[in-house]
Amino acid sequence: MNPEPGGDYDEESPVSADLVAGDGDIEASLRPKNLHDFIGQPRVREQLQLVLTGAKMRGGTPDHILLSGPPGLGKTSMAMIIAAELGSSLRLTSGPALERAGDLAAMLSNLVEGDVLFIDEIHRIARPAEEMLYLAMEDFRVDVVVGKGPGATSIPLEVAPFTLVGATTRSGALTGPLRDRFGFTAHMDFYEPAELQQILMRSAGILGVQLGEEAGAEIANRSRGTPRIANRLLRRVRDYAEVRADGVVTREIAHAALAVYDVDQLGLDRLDRSVLSALVRSFGGGPVGVSTLAVAVGEEPATVEEVCEPFLVRAGMIARTPRGRVATAAAWTQLGLTPPPDAVTGGIEVRVNEPQASLFDPQDP
C-alpha cells in the first residue's frame, strides 16, 4: 500500500478503498481482461472503445490517456485493458517512484514502439521528472543533461512512440501543463449497487464461492460504490461462511459476517460511526473543526478528512460549512436520535444561515 494519510486505520478497515496487504494477488486474478468484460463505467468504456479503435484503424498510437477518480474504481484494471486492446506491452510505475529525471529517462529508454506506460498516482511525480515527461509526451524525445555546472551538456535522446496512461485520485493536484498534454481524460464514478452485484457474482465464480443473489445484493449495498471494497468484503464473508457455516453464502450469512467486521447496512464502519457519534453527541451536531473532531475520536485529522469524511459527505451524513462540519438530519436519524428542527438536510458543502450570494465562497476550514 502506498504511504498515504490514514495510518493503521487503513490496514484494519474492510471498507478502506486503498490497496492493503493481501489485496494484490487476489485483485490480479479478478481483473477483467478486456472492455467487454469490464462491468460498470459504460460512458468511459464507450469513449475508450472509440479512442482505441480509431488508433488501431490508423495504425498509430492513441492519444495519452488520463484516468481520474477515487481509489478502488478500476483505474489500474482499465490501464491493463488498454494495453491488451492495443496488443501492446504494459510498463507500470508510480509517481512516487519517479523521484529524479533519470528514473524516468531510464524507463522511457526501454520502451519499444506502441508500448503503454502506466503511471499510477501521477499527481505525485517529482517536478524534474514531470518536466522531462512534457517533452516525451509531445515529441517522443528527452533531453538528458550530462555533467554539472557550466560544463553541463544536454543530449537529446529519441523515445519510441508510446501511449502514456496516467491515473490519479486527485486530478486537481495535477499541474496545468501536464494535464493539458493528455488527449483524452476519463473520470471514473462510483458504481451502482446493481453493477457491484454483477462484479461480486463474477468474482465469486472465479474464487469458487457459492454466492446467492440476495447475498450478493447485501454485500453490494455495503460496498460504498467501490469494487475493491466489494471484493474484499466478499472474501471476508467467504471466510465466515467456511468457518461458521457450510460454505454457502446466503443473505443471512452475509449479514452476520458483516456484523462481525463492523460494517453496517450503509457501509459505515467503526470510525464512521465514531465520527458521527462525536459530532452529534459531543458537539450537538456542530459546526466543529476537523482537527477537534479528530481528537474526539482518537485519530489523525488527515484520517478523518481524507479517509472517513468523503463517504460521509457523499452519503449525506455530514455537511461541510465555513465554520466546520455539521451533522445532517440523516446522521441524527442513523444514530436513532430525533434531528433538531434546523438540521441540515444534505451532505454537500452548504452555507448555514448565510445568504445565497455567498454559496460559492471558497473558504473551507
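Cβ atoms here come from the backbone N, Cα and C positions, even for glycine.
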From ARG127, ARG179, ARG181, ARG238, the one annotated by Swiss-Prot with LEU30, ARG31, GLY72, LYS75, THR76, SER77, GLU138, ASP139, PHE140, TYR191, ARG228 for ATP: ARG181
Residue, out of the binding-site residues THR76, ARG325, whose Cβ gathers the largest set of other Cβ atoms within 10 Å: ARG325
Most crowded position, judged by CB atoms within 10 A, among PHE140, TYR191, ARG320 as binding-site residues: TYR191
Pairwise CA distance, ARG320 (DNA binding site) versus TYR191 (ATP binding site), rounded so that it is a whole Å: 24
Rounded Cα-Cα span from ARG325 (DNA binding site) to LEU30 (ATP binding site), Å: 38
C-alpha spacing of GLU138 (ATP binding site) relative to ARG325 (DNA binding site), in angstrom: 44
Fewest other C-beta atoms within 10 angstroms, as judged across LEU30, GLY72, GLU138, which are the binding-site residues: GLU138
